[in-house]
Amino acid sequence: MLQNVTDAFQDIRDAVRALCAEFPDEYHRKVDEARAYPEEFVDALTKAGWMAALIPEEYGGSGLGLTEASVIMEEINRSGGNSGACHGQMYNMNTLIRHGSEDQRRTYLPRIATGELRLQSMGVTEPTTGTDTTRIKTTAVRKGDRYVINGQKVWISRVQHSDLMILLARTTPLAEVTKKTEGLSIFLVDVKQAMAKGMTIRPILNMVNHETNELFFDNLEIPAENLIGEEGQGFRYILTGLNAERALIAAECIGDGYWFIDRVTRYVGERIVFGRPIGQNQGVQFPIAEAYIEVQAADLMRYEACRLFDAGKPCGAQANMAKYLAAKASWEAANACIQFHGGFGFACEYDVERKFRETRLYQVAPISTNLILSYVAEHVLGLPRSF
Ligand SMILES: Cc1cc2nc3c(=O)[nH]c(=O)nc-3n(C[C@H](O)[C@H](O)[C@H](O)COP(=O)(O)OP(=O)(O)OC[C@H]3O[C@@H](n4cnc5c(N)ncnc54)[C@H](O)[C@@H]3O)c2cc1C
């Protein structure tokens, strides 16, 4: 089955692979060392139309589904790159397409499709509430034809390389709603305008070369027409983006997993110690084989999550499980890869340590492994709520 699904997207794979081949290991290594943004790489992806994959044809995009988008992200990571620089545009897109008004779609989608605008950021996480999203403290208060935003966000990625951000804020106080998921709303924020009018950005230096920031909102006014969908229903809308994000990140982890397995398989076949290739030892073979099995299994769940998402069916369980399996598999592949490269795994010029750091992030973000287990226990198995 996996072969059939994979074959169905071979044209996309070949084209993305050819583009990625123009950006070899040295390119990504230098960007990482300089803690820079891979501007040329993202531009090339945009010019080739890949960043507009999900935009319907009538708005200038290619009208592809999440499945195809996931193949694009997988190929970037499989080539040695890191989709973290640009995956926001993919997972945010469906939130705007599915829940935005026709006016919003007409205003923004064609300009995103040409690359004039980037929709790379989503502001959900807050420093004092963490994973407990419904308790966020950022508020949006309607004043005439505007909303006034106050509060703080943390770990909001690519803000400095995006024109637009989807922001989650509370429009009705928690104490006044019957369900804690109600009273939250999402807004499209014009980043440059916001920076001039009450939004402050403070970058967070982190383990991965991932542009991410603290955001502070001090009476930021945004036009009421930037509300996406109905006021108070934002939590439901943001789940569209979060499920897409989980499925896409699963695909990225799968790309990483194959990258680690390819590299380590080649290395252990060539590295001679004790007069024979180290890959001749079963103690070396087994962890690599195990990681390969797990990456392939995760790959199946990724396609299932994407299939359901594209069919407009509930896919929360599958998106979460795909992300769980893929992040675990890529991490095991990363461990085997660094271990069997011996000392060379720690040398930057082999790229293993960079990819190792990058893939480690996905045990925590965008949702931690524990929270996925808790979701499955409660929502799939029907066990009592623990929090
Ligand atoms: C590099 C990076 C980029 C990010 N980009 C974005 C972004 O663009 N937009 C955005 O909104 N967010 C972003 N995030 C935030 C990310 O989604 C959160 O870090 C993640 O959801 C975990 O939330 P937290 O850090 O507040 O951890 P906490 O909620 O404080 O949890 C810490 C740990 O405790 C454990 N834990 C917590 N609660 C429970 C529980 N009930 N049961 C069992 N274990 C539990 C989990 O293991 C968890 O990892 C990013 C984070 C990073 C590191």
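Here the Cβ of each residue, glycine as well, is placed from N, Cα and C on the backbone.
Quick caveat, the model's predicted, so the values are computed rather than measured.
Marked as domain 'Acyl-CoA dehydrogenase/oxidase N-terminal' by TrEMBL: 7-116. Break the domain 'Acyl-CoA dehydrogenase/oxidase N-terminal' (7-116) down by DSSP state and the numbers are 80 helix, 0 strand, 30 coil.
Within the model, the domain 'Acyl-CoA oxidase/dehydrogenase middle' (121-219) shows a mean pLDDT value of 98, rounded to a whole number. The annotation domain 'Acyl-CoA oxidase/dehydrogenase middle' is assigned in TrEMBL to 121-219.
Taken from TrEMBL, the feature domain 'Acyl-CoA dehydrogenase/oxidase C-terminal' applies to 232-365.
DSSP places the residues of the domain 'Acyl-CoA dehydrogenase/oxidase C-terminal' (232-365) in helix, strand and coil in these numbers: 114 helix, 5 strand, 15 coil.
Under DSSP, the residues of the domain 'Acyl-CoA oxidase/dehydrogenase middle' (121-219) split into helix, strand and coil as follows: 15 helix, 47 strand, 37 coil.
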